[in-house]
């Protein structure tokens, strides 16, 4: 039956649907339209897929029909897809009861029938149907008088059905599926998706972690399939866009029916093939393991192919087949026809089997005889976890029995296994899995060397075509590339990228650095290119960009080489090093004894280079770099300004003495003038008679000469730094504070010098009045201010300096043997540590690099990095952070991140960037400062001119208020001096520094204090924005809750003399130990803790049924119970909450403990228990009856938001376990504090509304958005922002990244050092919700301090400048220039000191708030909570349900929360942390949660 196309399919986007009723309305109305065969509407996808007759309808008419119903229909793609139709042959098997016309009319009215041809003479009908809409059996049911013509059907379609060939219009989809751990997972996915309508075939590969699905796009979409896989509990990603299949029925018919023909143009017959032959094909166009799987699965379905092995590395396939049925040419065409039709196939070799004896001439034509000369391969597998020779013997004994394994040798010292095997019977991956199944970690090597092909020698023919050809084909080259990765938020993202990239063909190793946002990938350039790798990362949902030059010379080494005497030594070192593999460049300078080397750290390390130079007879050592934080504590600047101040002070003291002397003498003369009525001439003579006023030369007095001599060194030595900075500013066409200072002092000095020279030139008898006293006093106060300012600035960076000081300077590298015994220790510089080194850290020592503990137990102080006050326990497998301090035990760690890639280095970089970033308010201050200096200069000039005018118009004002005025000076000179004094004072008192320091100093202290408390604030903008926040939105899972389920209660449902509680825990823990579900892991963890053991019994026949539960058989638990001592048993009984259904007293329970005596017999030790664990439905399926008491207990747990599961042992209901994701202890307090701060608190989650309501009631949140998809969280945050509210989003950074980025302030909570760098504005290193309160509180305190600083700065300038300009002269308020400089210095110092008050900040802690009464905290009743479901704002207030409705809803919620595949398609939530729907209960209603 060859398919034809008589129908089309179109997908139309439909907007405006709100509920299932809309879906049904559209389906009913459009389904009635003439020419529409089938319609499927998806509310979630907002689309309608319609199959229609193109002769009667068009996409445009269908779009208009939906528009007419009141919905918005959009046609994005007007090109319809053809829909497959089949032909059904019907014959009359009995006398007709209906006329042929009636039969034809009935069939044509049937949906899915596109044509009917009636043949009354042949008493038959040919009906064209759409098989996806209607089936042949349904057609027969419509017309009972007709029956299927089976002979015709078999004749037409037998071949197609037999081989399940793809049909026209079918689409093949490849999806990456994560989280699969065993074949049970693959069976679950195949069973779930295979039942979906429109899915034709599905094949799930555990090795490749992918699923290949063939489906009909008009019935189901790729997105729906993806969500169904995620509903089972496995994250899925569409790997490639779906493609239509090309291999049709005709291809398989050609394979089966094509006769054996000689090649075109061949003059002789092709050789006769024996019954069993093998041929090797060369295949071009394969890219990954998916291609290998595709070819193997396609050919293995053919009857005449007995086996096929495809090698991606060798680009070849070895096919074993029945030569009497098929030829190599037919197989070649079959491979080329396999979808996607990209393979180019050629026959590499044709051979005969040993079943016949080929002639010598035949053999000469065959280059490779694989059957008569058995082909084998050798694989080397890395095996970790072996501890002794018993492990070696165990592996060799088991693997040697596997089919196809010829020999195996396992090396304990090298942790490898070398296996020789037959590739036709097994593969390296199968052998690796077999070793892993034994409990060892097995991995295939990074493909540095190809598999070794081994064969038996042959006398007739050579085994391989040629060694050169084989070497060319199988040589593998490794390159390295760096890719910048954005969007990573935590360690889960890192693991996701590394795990998925390693699966891609041609990629050898991947190392991703979270903090640096960089991935280092080693790959085979013949197989894959960096841009393709970047595309793979983008397909995983991250941003990726190839770093072009990152890999070039990424290792740079500076060495001091001693012992060189001439140029010959230089040449010897350079030539020797450049010959080494991995060294790109080497330059040695004899004059400086330094060597500059660029190298590849993957190939050679710095210690290797130093050793090589040492072997040449020279001594090489690392150039010491300054790792101190001197640049942060401003020591250099402090020393500089202290020197400037002391120089200025040394010369200023005599100047001030002279000034004071002259002021006293002038006051004395003024008193004499007033008391004795002296004339002006007498006053002048008396003034000139003073010692300091005596003239050495005409016009040059002693006073002016001393002032000049004292002013010169201050002006040009003490003020040198000011001149340098002012020159640089003017050079770049800007003006700053230094320009004002230089202007003021230079004008005063220049004016004084010029007027003095003029007086000397004119031989004046009256000494001119100079300003030589002004520069020394100005520089003294300004230098003092700068000195104090830099001391204060050093304090602002104290936090960052502390972080930098944490970095270790040396590391102890150890060498271990194969038994992990210490061979040697070596103390090296921390810069010489290489990735993969084993480092020993003694008690009290600092961890030099990030790493993973491989041996030892200790407590580690991470307080200065994470803010966590309590030491953290470390054991093998734990990660450690560079800079943290080891406390009480020696540890061996393996370096994972070194140098600038360590977490500490990245945090230091982050804090440095934050302290140098500008807040919006600072940008305003900077803009203001840009206009400030020109404005002050203008004011100074205006002040000068105005006072000159006023002085000449009304001299009495100047005479009255000018300090030190005496009549010996002329009026003009007095006016000019007074005007200059006011002008210079304006220049001195104006201070843009205070404006410029107001924000950055506060930001530096604020971010530093935050870093010390485990709060990383990324710059001034989020620090300023956080205080404006009005709404705080919390994610649920991992933020409000812990994100991991725990056991809340265990109820024993049988008498304790039948089975004890400990025995139930031992059996349940053993059964759940094989489960990968988080609920199972929680139960296992609880059982191990209660039994105080790390090992459990044996579990066999383990089966998991998604949506229900598990079943298995458990043995070997009596020995486990025997090891439990009496003290642990008594503590368990005391602490556990045991609820007995059939009452039995406590004494009886204790006395009948099931602890087994030491003389247990072997028969008892091997007792087997049949175990069932699951929900109600699972128990009912297995024929168990649930009593009302048990049912009520489950309902009560479900009401509190817990998941309740039942336990059956040997067909008897024994226990009930309640499991929940617990709320963090500080969550309720944090919400209460935020509300008391005037903030609105909202809970947003992808979980169901019932769970969300339960969580909200416990922590006191009254507004909830439930069942919100991750993509909709962004829309919800935006919606709150459109209401005029500033939003802070708090999430764990896994699926909340888009919402964190959209919020005004994104706050990411990290666990330990897993910090969300990219998405969030604020990163909380500790997993503590009170840090959310602290971050907002710190922001408020910092912004308040910034405002206080601005008040200080503005007061000085707005009040000081008018005073200096003489505006308040009429009321007697006037300033000298030195007073202005003192005020200016005080303004800068006061601003910095004000910022330093932030160092007194103490973040709120749990204990602090617990001391205060919390009468307003506590739970909210359900009626107080407003729950909004989905993206719309439909609020669900507390429902009022009857008893029966409550039971039904709670039961359904329990089943749905336990296993998500019972949900409808529209309720599937793609949020990974919420996918288990772990409900959190109220732990305060009673005490039954005590275990």
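Each residue, glycine too, has its Cβ placed from N, Cα and C.
Copied over from Swiss-Prot:
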ACT_SITE  1035  active site, 4-aspartylphosphate intermediate
BINDING   1292, 1296  Mg(2+) binding site
DOMAIN    377-443  domain 'HMA 5'
DOMAIN    555-621  domain 'HMA 7'
Would you mind reading off the Cα separation of residue 1292 (Mg(2+) binding site) from the residue listed as 'active site, 4-aspartylphosphate intermediate', to the nearest angstrom?
8
Going by DSSP, is residue 1035 (active site, 4-aspartylphosphate intermediate) part of a helix, a strand, or coil?
strand
Let me know the most crowded of the recorded positions, choosing from 1035, 1292 and counting other Cβ atoms within 10 Å.
1035
Restricting to the domain 'HMA 7' (555-621), report the mean pLDDT as a whole number.
84
Taking helix as H, G and I and strand as E and B in DSSP, count the residues of the domain 'HMA 7' (555-621) in helix, strand and coil.
23 helix, 24 strand, 20 coil
Just to be sure I understand, if DSSP states are collapsed into helix, strand and coil, how many residues of the domain 'HMA 5' (377-443) fall in each?
21 helix, 24 strand, 22 coil
Which of the three DSSP-derived classes (helix, strand, coil) applies to residue 1292 (Mg(2+) binding site)?
coil
